[in-house]
């Protein structure tokens, strides 16, 4: 078995199938509508320009919602929105969506085709480091090798009244249990372990409910099942190994059983809904 991240196109396909079968973006939308306005209420006080840094901005679906909320909070104020994204394909889609979106005349965009680690290295080589009013990291900490060092670095980039928003799966989610139980037996040992308390950072955490419909995962010969199994296990073509019994038999049996258990999922109206709960972590300057 090999990591899903070894095949970028396959990863994007499985990620899109995940989004179409989950309430992830609806969950994020709820947070943006109900919580974000209060969080950003002071980031632009007395400033002629608001600087936003997006780490792992993807194709911009959530980024532009954040920009919209900042615009509503500070009408007429110029916004400098810079994006750090390692996927050239995602950046291209980001630019396409920006071109189709109205009311962005006061927003200046810049894209950097690099990882957060590459951005960090580039910034440290500069004598003057840019300060930001709002930094967000949406579902990207899983790909960072040294999370405490990364968070400490970006915390140093915060200006007056600035905030960092981090979105990750909740510790109460099925993902957390899945990674802890099976991480060492899958290609990507993807445990997102970090301790904000130990870093001495001032933060608040909000947990919101989200689900992923994995019903198709228990039906043979289903393209959606193929892609969702890849995403769940972070394994490229997991179903191929599963079907041809190349995956260890005990692993196959355990996963099929566990993913239908209450610890991981709920069953509702004939569907199996995996627990995709999210944590929204806000760090202050």
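Glycine is no exception: its Cβ is also placed from the backbone N, Cα and C atoms.
What TrEMBL records for this protein:
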- 24, 276: substrate binding site (BINDING)
- 56, 85, 90, 116, 138: S-adenosyl-L-methionine binding site (BINDING)
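Same-chain residues that are not part of 56, 85, 90, 116, 138 yet have a Cβ within 8 Å of the Cβ center of the S-adenosyl-L-methionine site turn out to be 54, 55, 57, 58, 83, 84, 86, 87, 137, 140. Residue 56 (S-adenosyl-L-methionine binding site) and residue 24 (substrate binding site) have their C-alpha atoms 16 Å apart, to the nearest angstrom. The two recorded residues residue 24 (substrate binding site) and residue 138 (S-adenosyl-L-methionine binding site) have their Cα atoms spaced 11 Å from each other.
Listed binding-site residues: 24, 85; maximum Cβ neighbour count within 10 Å falls on 85. Of the recorded residues, residue 90 (S-adenosyl-L-methionine binding site) and residue 276 (substrate binding site) place their C-alpha atoms 23 Å from one another. Here the C-alpha separation of residue 138 (S-adenosyl-L-methionine binding site) and residue 276 (substrate binding site) works out to 14 Å. Within the same chain, residues at least six positions away from residue 116 (S-adenosyl-L-methionine binding site) with a Cβ under 8 Å of its Cβ are 55, 56, 84, 137, 140, 144, 150.
Counting every protein chain shown, 21 other Cβ atoms lie within 10 Å of the Cβ of residue 90 (S-adenosyl-L-methionine binding site). Under 8 Å, Cβ to Cβ, and six or more positions away along its own chain, residue 276 (substrate binding site) finds 22, 23, 24, 27, 169, 173, 174, 175, 210, 211, 212.
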